[in-house]
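Engineer: Please see the structure below; I have some questions.
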Amino acid sequence: MKSDVLEELRTEVMRRRTFAIISHPDAGKTTLTEKLLLFGGAIREAGSVKARKANRHATSDWMEIEKQRGISVTSSVLQFDYKGHRVNILDTPGHQDFSEDTYRTLTAADSAVMLIDAAKGVEAQTIKLFQVCAKRGIPIFTFINKLDREGRNPFDLMEEIERVLGIRSVPMNWPIGMGRELCGVYDRMKHQVERFQGNNHDTIEVHKVDDYRDESVRSIAGDYLYEQLCQDLELLDVAGDPFDLEKVRRGELTPVFFGSAINNFGVQTFLENFLELAPAPTPRKSQNGEVEPLSPRFSGYIFKIQANMNPAHRDRIAFLRICSGRFERGMTVRHVRAGREIKLSQPQQFLAQDRDIVEKAYPGDIVGLFDPGIFRIGDSLAEKEDIVFDELPTFSPELFAKVTVKNAMKHKQYQKGIDQLTEEGTVQVFYSTSGFDETILGVVGQLQFEVFEYRMKVEYGVDIELHRMPFQFARWLVGDKIDTSKFRINSTVVRDKKDRLVALFESEYALRTAMEKNPDVTFLETAP
Ligand code: GDP
């Protein structure tokens, strides 16, 4: 590679930030995303993200389910430029019925934004998504939203973040009042008061001060809020964690920002701090060692496969996270698992507006590749060499169902459907070890069952019936002598697609009992 191309690669990598927003439904993710896109000029009007969601509902076909339930099953990538940075937001399904796709999408992010509703605190889905991020040790930035409403005490929220998620936090700004009394926030880093403007939120009034004790803060906030602010910040100065970028980068400390997405209050400050503190695309692990983004040869991996985004076609889109080098349209790369070269002629990127054809892309970027059925989740693509990225983790399903095919004549199509849909990661499949030919599906969200059933019918013409099973946990079993007869009480042992033994449990109690009875066996939450 020529030096000017290397220089270009360096510039492009350094200016990129690729992240996901993790939150519980209704915390305000759509609203925040929209405001971020507005700053980037990627959309012109507020409401576009929602409108686009609605539009997608109107045009998709198997996603009829989305329409019926008014939720978004699909996740896409939004890209915009802001002050020289190129920002990629990995959009993850926000409904309670989220799926493994949500988890897998997080593996493509270099950092995460944790969005919390100030009145509700840390909620169930946030915990699950946080844990996936924490396992990778990626930096997490917290935005506490809906400051314009009566919320919980900020100290309570910090305490909950630490107790429930096990991460320390450092407030970058601090609310001056809340709800109807909201006056604004005090920026602890820049030493300024940012005043909340009620109905006119386009301009934030900023007052530079020497210190929060400054008398001019009193004149802005009034006596009562001023005293309270001083008290809070004195406590934070003494007892709180100091800001430490290294700890933030290791995912041990989360910077916290307060604001109100719908009022566009605190969003820009958040964005600017985030862009400064969040990492550029980070190296990815592979069987050949760590792959550095600046390494000149192109490489990447598929983290998600999406069927039928465009109802006019029956094709699939495979989402590729670029890990190193420069991607160019029409380039020929190694499809490592298949052991052959392929030409990437139709890469598509999903911008806020529309589908665009990508000519060039860089590490941190996500491109959608046209997939005639040749990709699987976790596949590596690389220029000239055989890089094999570490397998994506298989997450423990929490819901299980036995499948029966209503028409035995359709067995061949059924098998084809099972193969393709499990490759796409729609569901996980297990087989019984009891001698009966039983297929069990495992998912993390109820919606995955519905999508599976629907697609089996519409795409493969197979009517199936799903019978829910009472299991709640799956553990991959590792050991020399595994005696499956020791897994009888409220549990069963099955095999996964790769023939590994997996035990399913009805309760935590059943799991603990089995662990006690089988001290030589290792129980893994994700596939080995
Ligand atoms: P999502 O489910 O996380 O994508 O949440 P939405 O962005 O759709 O927001 C859920 C609800 O919260 C909507 O009614 C929003 O208008 C509202 N909301 C979002 N941000 C704020 C905020 O800062 N203050 C208030 N009061 N409401 C908000």
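Residue numbers in this text run from 1 along the chain shown.
Using the three backbone atoms N, Cα and C, a Cβ is placed for every residue, glycine included.
Grabbed the feature section from TrEMBL, which reads as follows:
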- 14-282: domain 'Tr-type G' (DOMAIN)
- 23-30, 91-95, 145-148: GTP binding site (BINDING)
Engineer: If you count CB neighbours within 10 Å, which one among the binding-site residues ASP26, LYS29, LEU147 has the smallest count?
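Structural biologist: Looking at the binding-site residues ASP26, LYS29, LEU147, the Cβ with the fewest others within 10 Å is that of ASP26.
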Engineer: State the three-class DSSP label for SER23 (GTP binding site), counting H, G and I as helix, E and B as strand, and everything else as coil.
Structural biologist: strand
Engineer: Using DSSP with the three-state reduction, classify LYS29 (GTP binding site) as helix, strand or coil.
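Structural biologist: DSSP call for LYS29 (GTP binding site): helix.
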